[in-house]
Amino acid sequence: MIVAGLRRYRRQWLMTAILVFIGVIAPRFVHDGTWLLIGYLAVYAAWVWVPEPYRTLRNTLILTALSVVGLIWACAYPGLRTLAAALILPYAAILGGRASKSNWMLGAVVLLVLIRIAMLPINVNNIISAVVGVLGIYWGVYGIRVRREAQALDRERMNELQSAYHQLQEAHQRLVETTQEVAESRAREARLETLADIHDGVGHRLTSLIIGLESLDMMLPDDPKTAAVRVPDLVKTAREALQDVRQAVQARSQDVQEFDRGALEVMIQRVNQYGQTHVEVDVPRGFNHWPAVIRMALYHVVQESLTNVLRHAQADYVTVRVTATPSMVTVNVRDNGSLASPPSLGFGLNRLRRRCEALGGDLTLSVAVPHGLDLQATLPFPQGVHRYVTDPDLLSG
């Protein structure tokens, strides 16, 4: 507790120690007016310990006025003029510590200069000494106070900026997580809709087909001709069931159309807009013509990679580059973060690797030079889709 008190009031203790030291050694050099010197040193020491709320402009001017009146009275004794003139100077420091644009304050400083001149013998040196002494101390203390207040204001603004930066990071992280959750939710909803379509349409037709085949099985021994007439109807039902499956798959493919080049660019634009990380992207212009399953996989690779960078990499620059050959497509995400050794695969990256491997591709991680993460995913184009592997416009950037 004692140490904490010393630290908190270290300036007051330092000033008090200086004043006490002056009061102890001054009587050796000042023979007339020792009582005046010690009295005013006590006044200064008391002012040092006045709580900040009470150090108002009004109280400062009142203390200065009363003290100067006392010094003027002391000048009635010829031997005390020089000492009284010297004791005027600390009040310039007191006024400098409370300096403002008030006319009262400026008037008080000018009055101190005039009183100090009046206390000393009139000559050029004393006039210059009075003006320079009072104004020098006043402006020196005023400058120190202004600088201290500016530093405090800078610290306050820096704290506000840091708080705003952390809030922006948290908001951006929530945005990234929300975007990912929305994308995954849409994918789940699309799968459920596909299953519901298959259940409602194909299930009904397959049920009818089973009943028809069972009836046909019972007809064959006794009435094969009638059974033969029923076969085309059953074949038609089977074909309709197959068509329902194709329509459900087609609807699912249409849902995947949202994973086009525009969606990829919007995601990266949001990162650039709301985050502290700049992302550059290079995607072939034929991206939207690639198979939907490839586009969806690439979208998730880029999304999870950027999420990983924003969470852990402490990077300020990321490049996303998608390239293609007649047989495969490659996406490379590289950052300049603090990573210096290959990371372990978390849940998100493991899921990406399984997604790539399910499509016949692969996902690799390596350390970028001189530091950062280099993520690369390769996916083969589906066999038999000749348009994607023969049209250069769909492969080039």
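A Cβ is built for glycine as well, from the same backbone N, Cα and C atoms used for every other residue.
The coiled coil annotation in TrEMBL covers 158-188.
Across the domain 'Histidine kinase/HSP90-like ATPase' (293-383), DSSP helix (H, G, I), strand (E, B) and coil residues number 33 helix, 30 strand, 28 coil. TrEMBL lists 293-383 with the feature domain 'Histidine kinase/HSP90-like ATPase'.
Per TrEMBL, transmembrane segment is recorded for 12-29 (among others).
Residues or ranges marked as transmembrane segment by TrEMBL: 35-50 (among others).
Residues or ranges marked as transmembrane segment by TrEMBL: 80-97 (among others).
Through the fold, the transmembrane segment (104-121) approaches residues 57, 61, 64-65, 68, 71-72, 75, 81-82, 84-85, 88-89, 91-92, 95, 98, 127, 129-131, 133-135, 138 of its own chain, all at least 6 residues removed from its boundaries and within a Cβ separation under 8 Å. Under the heading transmembrane segment, TrEMBL lists 104-121 (among others).
Per TrEMBL, transmembrane segment is recorded for 127-145 (among others).
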